[in-house]
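Undergrad: Have a look at the structure that comes next, please.
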Amino acid sequence: MAAQAAPELAKLDLNKNTGSVEANAVSAGGSEKEEAENEGDSDDDRDDEQAGGSAEVNAEKKKKKKRPKKKKKTAKVQSSPPRIPLTTLFPNSNFPEGEIVEYLNENSYRTTNEEKRHLDRMNNDFLTEYRQAAEIHRQVRQYAQKELIKPGATLTDIAEGIEDGVRHLTGHMGLEEGDSLVAGMGFPTGLNINHCAAHYSPNAGNKVVLQHGDVMKVDFGVHINGRIVDSAFTVAFDPVFDPLLTAVKEATNTGIKEAGIDVRMSDIGAAIQETMESYELELNGTSYPIKAIRNLNGHTIGQYEIHGGVNGKSVPIVKGGDQTKMEEGETYAIETFGSTGKGYVRDDMETSHYAKVPNAPSVPLRLSSAKNLYSLINKNFGTLPFCRRYLDRLGQEKYLLGLNNLVSSGLVDAYPPLCDVKGSYTAQFEHTILLRPNVKEVISRGDDY
């Protein structure tokens, strides 16, 4: 908000000055007879009266008090830890837009096409919800980078610190039935260390502590009315890992640059792989080529469906394969993963991530615990992914038998951690982009990445 200029100081009353001068003139004038008789004294009288007039003006100056200066209004800033709802900081819902990128090559006409600009202006609600979610993601991750993600911190403290920030900034704490469906976490916070690339979040009782030599991927989502912003970054404290992080960050930026309406997925994957695999990492005297993890992909994002639902599309990060094209109006998570290992991940470690299967067929459930849990999942998460800590937070106890029954019945999908070979290091960077009619908007772009 622009600061209000301080009001001007009160001006002198010129009328009173003028009145004093006129009074002096009358006193000095008098009758001609008196002037003739007292000619010698009249000059002194005029001097005295002029002095009196000056004293009167000075007295008036002293009587007029200066108005107190109004305090300048300062723009509200986010607290630390983040607790101020974003709508308080942006009361008019004029949230910052993401990075605007013009379409390349044959799609460049869209940038200037009047009809496309008109269609784009019609999507204000859609854009407002995405931009709100993106700004929350930026503010929370910047706090996490400065205050939470440090050697010696537990993964549980980091995850809960991020999630508490998101809930406060959306204004929805998710403790009342259905509240998490209005706004909140788009999916659980992934904190994936070293050879683990994705889908690891601490369960209750987790004691893992972040170490100085770790490479950790931080992946979390924010949603407003089901509009999910999916963005991730990698943290390494030892600069020896900088080439790995740079390779993956540049590969993601290449994917964003190549993405666009009518662009083939295979072309994007080829460009990503070429960029990433031009780097190598030297560790303890050994050079490791950085490989794109070939069985991990970017993806479309649907409303309340992180992977786009049954008609979702995948964005490969290696060459070959899918000839499907991107289309106008779609939302994509452009994410790339690099590894010093085999460049291929498998299920490993304890599962934390789950999600209800969209449009799952009706299945009879024999376990009452499974029935009750499925009802709770429907009412609180819908098709949004959740983790076991979220069930703990809602007061659920001894639910693992029912949860496993829902998975085996095909009503809920389990997403175990995805890992390359032990001893390897993996990195990830990810942004959400909107293929608007006239431009693509990198909605989650920030100053950090």
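The backbone N, Cα and C atoms fix where each Cβ goes, and this holds for glycine too.
Per Swiss-Prot, compositional bias 'Acidic residues' is recorded for 34-50. Summarising the annotation, Swiss-Prot assigns compositional bias 'Basic residues' to 61-75. If you look up Swiss-Prot, you'll see H199, H307 marked as substrate binding site. Among the features that Swiss-Prot reports, divalent metal cation 1 binding site is placed at D219, D230, E430, with the record citing sequence analysis. Positions annotated as divalent metal cation 2 binding site by Swiss-Prot: D230, H299, E335, E430.
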Undergrad: Work out the three-state DSSP category of H307 (substrate binding site).
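TA: Looking at the DSSP assignment, H307 (substrate binding site) belongs to neither helix nor strand, so coil.
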Undergrad: Could you check which of the binding-site residues (D230, H299, E430) sits closest to H307 (substrate binding site), going Cα to Cα?
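TA: Answer for the nearest of the binding-site residues: H299.
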Undergrad: Sort out for me which one of H199, H299, H307 has the most neighbouring CB atoms within 10 A, since those are the binding-site residues we care about.
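TA: Top count of Cβ atoms within 10 Å goes to H199.
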Undergrad: For the binding-site residues D219, D230, E335, E430, which one has the sparsest Cβ surroundings, going by other Cβ atoms within 10 Å?
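TA: Each of the binding-site residues D219, D230, E335, E430 was scored; lowest Cβ tally within 10 Å is E430.
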Undergrad: Starting from the Cβ centroid of D219, D230, E430, the recorded divalent metal cation 1 site, name every other residue in that chain with its Cβ within 8 Å, sequence order please.
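TA: Not counting the recorded site residues, we get G190, F220, G221, S231, A232, A333, E335, Q428, H431, T432.
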Undergrad: In three-state terms from DSSP, label E430 (divalent metal cation 1 binding site) for me.
TA: strand
Undergrad: Other than D230, H299, E335, E430, which residues of the chain come within 8 Å of the divalent metal cation 2 site, judged by Cβ distance to the Cβ centroid of those residues?
TA: D219, S231, A232, G298, I301, Y332, A333, I334, H431, T432
Undergrad: If I take the alpha carbons of E430 (divalent metal cation 1 binding site) and H299 (divalent metal cation 2 binding site), what is the distance between them in whole Å?
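TA: If we compare the Cα positions of E430 (divalent metal cation 1 binding site) and H299 (divalent metal cation 2 binding site), the gap is 11 Å.
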Undergrad: Could you tell me the C-alpha distance between H199 (substrate binding site) and H299 (divalent metal cation 2 binding site) in angstrom, no decimals?
TA: 15
Undergrad: What is the interatomic distance between the Cα atoms of H299 (divalent metal cation 2 binding site) and D230 (divalent metal cation 1 binding site), given in whole Å?
TA: 10
Undergrad: According to DSSP, which of helix, strand or coil covers H199 (substrate binding site)?
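TA: Once the DSSP labels are grouped into three classes, H199 (substrate binding site) ends up as coil.
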